[in-house]
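> Would you mind keeping the following structure in view while I ask a few things?
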Amino acid sequence: MENTEMKAPQVGQPRSDRGSDSSANALRRKEGVVADDGTIRLSEGTNLADTAYHFSTWRKWQILTVVALCQTSMNYNAAVYSNAIGPLNEHYNLGTNHITNARAGLAWFLILYGIGCELWAPYSEDCGRWPIMQLSLGTVNLWQILAGASTSWSMVLAARLLGGLCSAGGSVTLGMVADMFDPEEQQYAVLWASLWSCLGSVIGGICGGSIEQYLNWRWNFWIQLILGVTVQTIHFFFVPETRSTVMLNKKAKKMRKADATCTVRGPTEDEKFKWSEAAALMGRPYKMLVTEPIVLFLSLLSGFSDALIFSFLESYGYVFGPGGWNFTPSQLGFALFALFIGYWLAWVIYLPVIRRDTQKRKAGKELSPESRLWFLQYVALGLAVGLLGSALTVRGPPLPWIAPLIFAVLISCANMAIYYATIDYMVAAYGGKYSASATGGNGFSRDVLAGICSFYTGPMYHKLGNENATWLLFGLSVLVILPIYWIYREGPKIRAKSKYAREVENDRQKNKEIGLAQQHGHASLVHADVDGAAPV
């Protein structure tokens, strides 16, 4: 099993087979492409044309869009269930205890979703993205049948627990982004994936209101199933394998089948799956969450922001329902269009920021990872400003109902920006080697904190009231956005003290030296030692 995550070709490695001079052959042999026994082993460095990096731009974005649909489906499943909670409580006489009634199905789905993402990741590295995504989508669809046809609450709860655990989610999605784009080129792709990850939850809330008002609660699960099967079918036919090692392994097997004398082997073809390595990969996100200040504080920020969205899905019932503007369930769902608009707004305003950074890099300017947090310093303020405005407008009539929705646009815009920028920064700070673990900690925090908020949101609003509960959220938002400014200014010092970030930065400098040496015609004198030894 390969002991790296979402690995991208390093700067300075040959990106294709360019000639057969002795210097190039020596460099390939140093990289392990040609073994001592004469066996040729394919690698990303010399066979890039056979990997997903070589897909056309149109093909990459076609794949990204289908993967975005997969992410939307999974997050839709998490959110739309909230509109089945009331009917389930009534149907199975579950009472009002948030810990034991149907709300537990929402909370535990999200918590296990966060855990499940990390469980699937190592297998997608080893077995490939396509089969793992198909297996994940298929099993989630299977559990929808169990919930829709249930005859007891325990069957519904089991379906939700297993559905959350089987959702591969962001770990595989972001892995596919890294399969197709270099770290310096993947900002647009990460932004697109982040957008649809956020939109899925809101689409679930928008649709859920009408489902609750006009259909039996079982249709909540049947519609999840219909969407899931549709997305799985599209993924089956339109998305190829993108994991480079798996693609090269298949190419090597195909070459040997066509020529019996061929000795070509894939990069990981002879390696066996090692449970110890899988456990290390699955455990690394949690380790980094505890030991890395960057991962900890940005994940808490991202997690709180996402928890806020799921709190909104529930709090809208208190703010806009009886005692407020007396919205029907379908009207409550349509009110979530404010969040939908905010997410698209964040996507739009980040496009020129990414374009500016891309132009600077093309001009030869080296940008620090902290540059990716520059714009977030301003957009994140929308989280606090939006909550402040909400606290002042959620008291109900005679204030117009649109007032809190205007501030909801700011909140969702900030939420989307926080999710994207924290992932983008972690990819830059921790490189292809450790970015999966860093972003995995981010995703884990988002899902788990969103799940936990399902337990406390209702009691908090009942006990404190709409205004005081929102004031409390405003105070918390001010605290959690402060680390953005600290990391933006002190990021280089923090990374210098990080074992993982320091290793990535050292590799980056070595690869830069290799690239410069190759540009000056000294490629044969420069070798990047895979164990981390200094170039010679």
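Cβ coordinates are placed from backbone N, Cα and C, and glycine is handled just like the others.
Residues or ranges marked as domain 'Major facilitator superfamily (MFS) profile' in TrEMBL: 63-492. Sequence annotations record features per position, and here TrEMBL assigns region 'Disordered' to 1-28. Sequence annotations record features per position, and here TrEMBL assigns transmembrane segment to 106-123, 157-177, 189-211, 217-239, 294-313, 333-353, 373-395, 401-423, 468-488.
I'd like these features described in context: how deep, what's nearby, how far apart.
Confidence over the domain 'Major facilitator superfamily (MFS) profile' (63-492), given as mean pLDDT on the 0 to 100 scale, stands at 91.
Long-range contacts of the transmembrane segment (157-177) within its own chain (CB-CB distance under 8 A, at least 6 residues past either end) are made by residues 5-6, 52, 63-64, 67-68, 70-71, 74, 77-78, 81, 104-106, 108-113, 115-121, 124-125, 129, 132-133, 136, 139-140, 143-144, 146-147, 150, 186, 189-190, 193, 197, 221, 242-243, 423, 436, 439-440, 443, 447.
Note on the transmembrane segment (217-239): residues 62-63, 66-67, 69-70, 72-73, 76-77, 80-81, 83-84, 87-88, 91, 130, 133-134, 137-138, 140-141, 144-145, 147-149, 159, 207-208, 211 of its chain, located 6 or more positions outside it, place their CB under 8 angstroms from a CB of the stretch.
Note on the transmembrane segment (294-313): residues 79, 82, 106, 110, 198, 201-202, 205, 288, 336, 339, 380, 383, 387, 408, 411-412, 414-415, 418-419, 422, 425-426, 429, 438, 441-442, 444-450, 452-454, 457, 473, 476-477, 480-481, 483-484, 486-487, 491, 494-495, 498, 501 of its chain, located 6 or more positions outside it, place their CB under 8 angstroms from a CB of the stretch.
Nonlocal intrachain contacts for the transmembrane segment (333-353), taken as residues 6+ away from its ends with a CB within less than 8 angstroms of a stretch CB, comprise 83, 188, 191-192, 195, 198-199, 202-203, 205-210, 309, 312-313, 316, 320, 327, 374-375, 379, 401, 405-406, 408-417, 420.
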> Which range out of 373-395, 401-423, 468-488 gives the transmembrane segment (189-211) the most CB pairs under 8 Å?
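That would be 401-423.
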